[in-house]
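A.B. asks: Sharing the feature lines straight out of Swiss-Prot:
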type: SIGNAL; residues: 1-28; note: signal peptide
type: BINDING; residues: Trp29, His39, Asp158; note: Zn(2+) 1 binding site
type: DOMAIN; residues: 29-278; note: domain 'Zn-dependent PLC'
type: BINDING; residues: Asp84, His96, His154, Asp158; note: Zn(2+) 3 binding site
type: BINDING; residues: His164, His176, Glu180; note: Zn(2+) 2 binding site
type: REGION; residues: 275-283; note: region 'Linker'
type: DOMAIN; residues: 284-398; note: domain 'PLAT'
type: BINDING; residues: Gly299, Asp364; note: Ca(2+) 1 binding site
type: BINDING; residues: Thr300, Asp301, Asn325, Asp326; note: Ca(2+) 3 binding site
type: BINDING; residues: Asp321, Asn322, Gly324, Asp326; note: Ca(2+) 2 binding site
Amino acid sequence: MKKKFLKGLCCAFVISITCLGASSKAYGWDGKKDGTGTHSMIVTQAVKVLENDMSKDEPEIVKQNFKILQDNMHKFQLGSTYPDYDPNAYKLFQDHFWDPDTDHNFSKDNLWYLSYSIKDTAESQVRKFTALARNEWEKGNYEKATWYFGQAMHYFGDLNTPYHAANVTAVDSIGHTKYEGFAEKRKDQYRINTTGIKTNEGFYADALKNSNFDSWSKEYCKGWAKQAKNLYYSHSTMKHTNEDWDYSASHALKNAQMGTAGCIYRFLYDVSKDLLPTENHKINGLMVVIKTANEIAAGTDDYVYFGIERKDGTVQEWTLDNPGNDFEANQEDTYILKIKKPSIKFSDINRMWIRKANFTPVSDDWKVKGIKVIADGSVQYEKQINKWIHGNEKYYIN
C-alpha cells in the first residue's frame, strides 16, 4: 500500500545498494523472455527425461495428459522464464530463494537486508503455481495451466541453484552472478535424457506415496535444495576453482532436470482423476490470491482484510499488506496466511470474506476482479467478483 511511505523508502534504499553491489541480475539460472536459456533447458530436458523414463504400464489417462503437456511445450518454456520478467515481482527476487534448513528466503536470514521480510519463498511458489496450474488444467485451459506450471518449475529450478539454496545473493558475493553465467555458457554440456530408472521405481514411485500434495512438495523440494546448498559450500564459492564450479553446475543442473521430471510426473497423477486418493487433509495455512480490476482508479490504499469463520464459530481475520504497493489496478497479489491452532480442514470453514477499512475519512474505493483461495495443494475456492468495494464494507465471498 502506498501509505507505507517509510517502507517504500527503505526498500528503495536496499535496491539502490543492491544495484551498486552487483553489476547484473540477482535471480537464479539464466532465462530469456522468449522462453530460452537455462530455465528453459531444464524444463525441456525434464520432459524428454520423463518421456524416456515412462513405464509402459502407466495408466492411459497419464499418457494422455503427458501428451497435452508436450503439445503445449512452448507455453511451458515461456512460463519457466516468466517469473524473472513479471512486472509485479519483488524487485530483489526475494521469493526466488529458499534455505531448506531455515525455511526462509534471504529477507529473513541476511543481516544486510533492512526492509520488510517477504513470506514467499521459492518453495512456497512451487506449491502456489502448481495449484493454479492444476485448477486451470481441470477446467480444460491447458495453455494457461502449462504456463502456470512452467512458473512453478522456474522456482523449483531456483531452489536447485546452490547460491539460492544457501541464501547467498549478489550483494553477499559476486560469485552469485558469475556462477550462474558460468552455468549458462555450459548448460548444453549438462543436459540429461534419462534418470536411468523407470517411473514405477525409485524417486518417481516415491512421488506418489503421499496424497497430501503440500506435505509431499515441501519434503520433495527440501531434498533437492539440501543437495544444492551442500554444493554451494563444497564447490561453488569464490574460493573454489573452475573445476569445482564445473562439478557443482553439472550436478546442480542434473538434479534440476531430474527433480523437475519428478514434479511433472506427480502433476500428471494429480490432474488424472481418481488415481491418487483425494483426502480432506488438515491445513495450518491458506494462500489467498486477489486480482484487482484493470480499470482507472480500481486500486486502493485503504486497509484490506481477509477473514474466515469456522463452523464452530471461531473467527480469524488477517491484514492483507505485502511490502510495496499492493491492490494496484490489474495487479494480482498473493498472501500467505497462518491459521491459528488447532489445524483445521478446509471443509471446516463456514464463511470467508474480504473487508475494506478507510485509511482516511474519504474512502478510496476498490474494484476487485476475483479471488482464489489455495489450500491442501488445490484452489479450493474461486470467485469472479467484479465489484466495487466502498467505504468500510465487508463482502462475503461465499
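Glycine residues also receive a Cβ, built from the backbone N, Cα and C atoms like all the rest.
Context for these features, please: burial, neighbours, distances.
C.D. replies: In the three-state DSSP scheme, His39 (Zn(2+) 1 binding site) is classed as helix.
His96 (Zn(2+) 3 binding site): 28 other CB atoms within 10 A of its CB, across all protein chains.
In the three-state DSSP reading, His176 (Zn(2+) 2 binding site) counts as helix.
With a threshold of 8 Å between CB atoms, the same-chain residues lying at least 6 positions outside the region 'Linker' (275-283) that come near it are 59, 61-62, 208, 211-212, 214-215, 269, 339, 343-347, 375-376.
Within 10 Å of the Cβ of Asp364 (Ca(2+) 1 binding site) there are 20 other Cβ atoms, across all protein chains. Annotation note: Asp364 (Ca(2+) 1 binding site) sits in a coil segment as assigned by DSSP.
Thr300 (Ca(2+) 3 binding site) falls within neither a helix nor a strand when secondary structure is assigned with DSSP, and so counts as coil. Sequence-distant neighbours of Thr300 (Ca(2+) 3 binding site): residues of the same chain at least 6 apart with a C-beta under 8 Å from its C-beta are Thr292, Phe327, Lys356, Asp364, Asp365, Trp366, Ile389.
DSSP assigns Asn322 (Ca(2+) 2 binding site) to coil, not to a helix or a strand. Long-range Cβ contacts of Asn322 (Ca(2+) 2 binding site) within its own chain (separation 6+, distance under 8 Å): Ile118, Asp333, Thr334, Tyr335.
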A.B. asks: Select the most exposed residue of His39, His154, His164, where exposure means the fewest other Cβ atoms within 10 Å, treating these as the binding-site residues.
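C.D. replies: Across His39, His154, His164, these binding-site residues, the one with fewest Cβ atoms within 10 Å is His154.
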A.B. asks: Going by Cα-Cα distance, which of the binding-site residues (Asp158, His164, His176, Gly324, Asp326) sits nearest to Asp84 (Zn(2+) 3 binding site)?
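C.D. replies: Checked the binding-site residues Asp158, His164, His176, Gly324, Asp326; minimum Cα distance to Asp84 (Zn(2+) 3 binding site) goes to Asp158.
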A.B. asks: Have a look around Trp29 (Zn(2+) 1 binding site) and count the other CB atoms within 10 A of its CB, chains all included.
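C.D. replies: By my count, 28.
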A.B. asks: Round to the nearest Å and give the CA-to-CA distance linking His176 (Zn(2+) 2 binding site) with Asp158 (Zn(2+) 1 binding site).
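C.D. replies: Rounded to a whole number, the Cα-Cα distance is 12 Å.
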A.B. asks: Using all protein chains in view, find how many other C-beta atoms are within 10 Å of the C-beta of Gly299 (Ca(2+) 1 binding site).
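C.D. replies: Around the Cβ of Gly299 (Ca(2+) 1 binding site), 22 other Cβ atoms lie within 10 Å.
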